[in-house]
């Protein structure tokens, strides 16, 4: 019986996609500005596999609001063309965690940033039964940043990712833009 309970606990624990490590002391004002999506990863292949996949979004700009929320401007392929979206990520008691109601996700979590070159974040849907997790590595310039990619890969090691995409400088410039 103890073995059965242990197996059940381990199975249930493995199903949780909750990100536990977020950045401490995030200064929301310093993330403002233009960003490029350098790499993406997701817990479910269908979230990123096609150009119009639900979480294959290209972050364009982050804008802190006077209330401490975060406005996220992004581009996404819809109906064969590039569409601009605006998401308001509402602040929570934890500086690096924001609440959203968009793209079927319910949280944005900032994992790490140096503010000048890169920002790592994840979008999480912890609701049953469609738990999902998608993360991105953003950079300030349309150039490949090996250090940022290294940090992204390190952050992903503890997460259940099943697909990962990276973009070269030409692809960064050609990302869905209006």
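Cβ atoms here come from the backbone N, Cα and C positions, even for glycine.
Features reported for this protein in Swiss-Prot:
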- 82-176: disulfide bond (DISULFID)
- 122-135: disulfide bond (DISULFID)
- 122-137: disulfide bond (DISULFID)
- 1-16: signal peptide (SIGNAL)
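Spacing of residue 82 (disulfide bond) relative to residue 137 (disulfide bond) is 21 Å (Cα to Cα, whole number). In this structure, the CA atom of residue 176 (disulfide bond) is 18 Å away from the CA atom of residue 135 (disulfide bond). Spacing of residue 122 (disulfide bond) relative to residue 137 (disulfide bond) is 9 Å (Cα to Cα, whole number). Minimal Cβ crowding within 10 Å, among the disulfide-bonded residues 82, 122, 137, is found at 82. Every protein chain considered, the tally of other Cβ atoms within 10 Å of the Cβ of residue 135 (disulfide bond) stands at 24. All protein chains shown were included, and the count of other CB atoms within 10 Å of the CB of residue 176 (disulfide bond) stands at 20.
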